[in-house]
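As structure tokens, the structure follows; a few thoughts come after it.
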């Protein structure tokens, strides 16, 4: 991008300067190829990485849930045996929310982009520029949603604040994951 972007200034009445790729591509298909590469690196690749990472986490939780818990190194898991199914369900829900928010926030923008990259004249006639800007801002909202999602799925956060709808959270038994170590001496 160091070689593609340059500043362009619009003369009066606007006197507006913007960093853009306008005039950087010799053929229209060069810009389309550049945009498709950006689409793959900024949307498809992160989506694939997120789905595979969260799937591996869920598989590991499932594997541990199915293990016998008989080795001495799994003492912490034996103490929180009842929390493993809850952790798996919580992780599944959180994974679905994070991946869904990424898809919901960025897909409209990239669909509009795909339409523009292949049929720019048709899209410019049918879609107001304000909608394009709104969809881009909506895509950026995803970065704000992730910390909120992680916070809402964290046990201590939910215990401290309670449910936003006024219900108190259901009590959960103490476990190493919540910071309370109440293992019996026989399990050690």
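Numbering starts at 1 and runs along the chain as displayed.
For all residues, glycine too, the Cβ spot is worked out from N, Cα and C.
Automatic prediction, not curation, is the source of TrEMBL annotations.
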Transmembrane segment per TrEMBL, picked from 12-35, 36-59, is residues 36-59
In TrEMBL, of the candidate ranges 73-95, 96-118, the one given as transmembrane segment runs 96-118
Tally of DSSP helical, extended and coil residues in the domain 'G-protein coupled receptors family 1 profile' (1-150): 112 helix, 10 strand, 28 coil
